[in-house]
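If you look up TrEMBL, you'll see 17-37 marked as region 'Disordered'. For 25-139, the entry in TrEMBL reads domain 'Transthyretin/hydroxyisourate hydrolase'. Taken from TrEMBL, the feature substrate binding site covers HIS33, ARG73, TYR137.
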Amino acid sequence: MSSGAAPRLRRLQGHLEVRGSSMEPHSSPLTTHVLDTASGKPAQGLHLCLYRLEGPGQQWMELRKSYTDADGRCPGLLEPGQMNGGTYKLSFNTEGYWRTRGQESFYPYVEVVFTVTNDMQRFHVPLLLSPWSYTTYRGS
């Protein structure tokens, strides 16, 4: 591992740890966290939109627009009790994020579509991002 890779990896691992404050009973049932794996830092200021698939025509309805904070997190995407069963989409404006950093990228946006079957559960959708790739998973 190169001399610069180890500190970046430690920083990313620290950001991936579950924080006690995010699990408080009155916090949002849906959160996200974006990490810039190219720099090993949180992806601050990344614009994102939350949608839910609704209606007989199955159209995406915008629920919220937001930006990631200094820690790359976007807490409070939904208010407690606002989560309903159904299909949701988080759309991340990755092109805008990389452009502000003077970086070319391959993916202009990343859309993560997921299904909620139990509206009493909490959902955390992390995104690991580089200019040329991304990874997501269901976090805790």
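Cβ from N, Cα, C; glycine included.
Structure with TrEMBL features highlighted.
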residue : record                 : Cβ within 10 Å
HIS33   : substrate binding site : 23
ARG73   : substrate binding site : 21
TYR137  : substrate binding site : 10
Do you know the DSSP helix, strand and coil residue counts for the domain 'Transthyretin/hydroxyisourate hydrolase' (25-139)? 7 helix, 55 strand, 53 coil
Which whole number is the mean pLDDT over the domain 'Transthyretin/hydroxyisourate hydrolase' (25-139)? 92
